[in-house]
Amino acid sequence: MVDYHAANNQASAGGPNQYMEQENDWDRDLLLDPAWEKQQRKTFTAWCNSHLRKAGTQIENIEEDFRDGLKLMLLLEVISGERLPKPERGKMRVHKINNVNKALDFIASKGVKLVSIGAEEIVDGNAKMTLGMIWTIILRFAIQDISVEETSAKEGLLLWCQRKTAPYKNVNVQNFHISWKDGLAFNALIHRHRPDLIDYDSLRKDDPVTNLNNAFEVAEKHLDIPKMLDAEDIVNTARPDEKAIMTYVSSFYHAFSGAQKAETAANRICKVLAVNQENEQMMEDYEKLASDLLEWIRRTIPWLQDRTQEKTVNDMQAKQEDFRDYRRVHKPPKVQEKCQLEISFNTLQTKLRLSNRPAFMPSEGRMVSDINTAWHNLEGAEKGYEEWMLSEIRRLERLEHLAEKFHQKAAIHESWTDGKEAMLTQKDYETSTLSEVKALLRKHEAFESDLAAHQDRVEQIAAIAQELNELDYYDAASVNTRCQKICDQWDNLGALTHSRKESLERTEKQLESIDELYLEYAKRAAPFNNWMEGAMEDLQDMFIVHNIDEIQGLITAHEQFKETLPEANKEREAIQSIQAEVQKIAQSNGIKLSGGNPYTSITPESIDNKWEKAMAMVPQRDKALQEELNKQNSNDSLRATFATQANAVGAYIQAKMEEIGRISIEMNGTLEDQLTHLREYQQSIMSYMPEINKLEADHQHIQEALIFDNKYTSYTMEHLRVGWEQLLTTIARTMNEVENQILTRDAKGISQEQLYEYRASFNHFDKNHSGALNHEEFKACLISLGYDVENDKQGDSEFNRIMGMVDPNGTGSVTFQGFINFMSTETTDTDTADQVMASFKILAGDKNYITAEELRRELPPDQAEYCIARMAPYAGPDAAPGALDYMSFSTALYGESDL
């Protein structure tokens, strides 16, 4: 007998030259179910007659009409198309046995192993053996060669039925018996291929007899498929005979096989064209997005490189606010566009590789590397611009302080020099007495001491003016003019002082004495007065500090100054006591003083007035220093607040970067689970955005307070911004890698288990968990997979070939996406130019060209017009009017020539 299951396995494993054996259920010792035997008799008889009528004959009784072997041999010649040995025409039993043996030998020659079927049983009219033999012939010549998507014979026929009837309601083909009882499956097969013959929606599942008769009658009338079964036989049987149903259904398959080929060819072309159209749209979208982003960067960088200086701190702070607006409003959408651009480029390249298309090369200057370079230049310009603005604010703040200090010192000096030139040029000594001349000389000596004391102030004024010029102060011209006037006046005072001293010394010999008390008063009053003026100047001096330590230093210095006040007051009282002594001596001796102290213009009243003013300035200075201390304490609080938030955000970003690194390497679960997990992970990251915004607000308070350092943290806002953007970009790239793996899996038919094996192999050799393999790691991985890439000439050549596939840009490393692309290319099949060309040839009816009419008939409208617009006219000798060259078009689809 024929073992059907063994034969099916042989055919699947051994190729087209090995065929099924008879099914082992044809056991000599068992009896067929009467209902099944009846169905088989009808079906097999109708099937044999559908072929015998081609030779002008038929059978009536299947076990009787094949007994002499003549019609059996004729049946085999018709269905095989081959000639059998000449039959013997004798009527004797031996002649009949010889003829049947010739038929059985022919069946065996076709690769079918016959078990328990002998010529004697057939000649004797054994119904069971005769039906088994006919089933063997049906399996070999009607069912064995059916092939649907790498399945053949029974499984192939079942898969074909399932595919064709899948869209129809109430039809669920799972076998060749119960699934066909209600007749809907037969009607669905006919309607799928010839919808004009069947009104499927009018059929009812609860009326199987009507359904079956309708299908059998339509098939016999319009499809030339003879009626092989009666509807009542099927309906009244609990389980219809599987072989009868398979035989009947195989007739439908062969009737529709021509239409199936055309449909397969059209589907292949539609698939290829759809991929091409989608890829072209993605290329156009990439080019536009890249152009827009590069144009925005080109317009933005000159603005960031502008170093036009402003005159005041307020003007620079307005620029700083514009820059913050750029950072908050204008740049974030561009960061998203850049990320989307990289994702679109990677997705497009993956789709092109999966569909055997050449890699996409963007227009010159629009490569991802070009965009990354431009973006790097933009960020460099941002950093330089921000640093320049902070430096400019410091410079302008310093300039305003210096300018105020310059004008204050200049005003004090000009007030002091007022009238000094007139005093030095007067000739009062010519009419004075000796004592008066001596007094004038002493007074002049006191003036020289005062003049020397003011030398420091003049030098300070000149130094401040020089610093204002070096810092490029906008009103440096007026400062220089005032400074030059002071210096010229100072030089003139020095010359006049020297001239007057020489005049007084010439007359000194004529003058005798001078009041020692006046002299002592003058000598002590002048430096004390100068000290008071210096103290008052210091008490009014403006200050600028940046931290608590600096203000504490000023407070300490002020406290030290206050500690010197008791000693200074003693000196003031001592000076006043000298003047009191003068008055006492004058009164005691009846001396009438003519005017004030001849040696100095500093009166006791002026000393007391300045002392009172200085004492009034001390609490004012205390208040100003305390206010500044409070301000610095507030600034320090701002620093601490920012540092606390920055340290938390920095640690969060670092932890999440490490975590996403582990996730990208480990990747547990299915790809869809991984993608869902990554999206949830991305949402959890984005939920942290309020903390980033809060940190930005704290940073704005820091900058508004002009705070430039922070000892509580090593993080800067710039570092955290970059870290945050890198975290978001890393998550997006990891999600894109998983999406590309899904595309690869679905396009290449890779199972989840294979992806796990690929990931396990990749991670095993990725020793440093970097997410990429270097040359040596990848070579070790290939060797473990059985590739001959050892260190010899042939192995190096093979390794370089593979590296050219997985690392076309020569980066020196292999990503996991490149690894699975390589493995899927090595283990799966894809559409080729030859396959597409063969599909077009089917649509063209085996011609070497195709017409626009044929394309519009066989393909959807948009894809038909796509082909017509791109196909060149056919120039062969057999060309007809309007002929199109589908061969060169098929080659161009795969990049082997230009479209």
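Indices start at 1 and increase along the chain as displayed.
Each Cβ is built from the backbone N, Cα and C atoms, and glycine gets one as well.
What you are looking at is a predicted structure, and each value in this text was computed from that prediction instead of being measured.
As annotated by TrEMBL, coiled coil applies to 437-471.
Feature annotation from TrEMBL assigns domain 'Calponin-homology (CH)' to 38-142 (among others).
According to TrEMBL, the domain 'Calponin-homology (CH)' annotation covers 151-257 (among others).
For 753-788 (among others), the entry in TrEMBL reads domain 'EF-hand'. Within its own chain, the domain 'EF-hand' (753-788) is flanked in space by residues 661-662, 664-667, 671, 741, 745, 794-795, 798-799, 802-803, 806, 812-816, 819-820, 823, 827, which lie at least six positions past its ends and keep a Cβ under 8 Å from the stretch.
According to TrEMBL, the feature domain 'EF-hand' maps to 794-829 (among others). Counting residues 6+ beyond its ends, the domain 'EF-hand' (794-829) has Cβ neighbours under 8 Å at 346, 350, 353-354, 359, 737, 740-741, 744, 748-750, 754-755, 758-759, 762, 770-775, 778-779, 781-782, 787-788 in the same chain.
Per TrEMBL, region 'Disordered' is recorded for 1-20.
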(request) Just give the helix, strand and coil counts over the domain 'Calponin-homology (CH)' (38-142), going by DSSP. (result) 71 helix, 0 strand, 34 coil
(message) Across the domain 'EF-hand' (794-829), what does the mean pLDDT come to, as a whole number?
(response) 74
(message) Let's see if you can do this one: DSSP helix, strand and coil counts over the domain 'Calponin-homology (CH)' (151-257), in that order.
(response) 65 helix, 2 strand, 40 coil
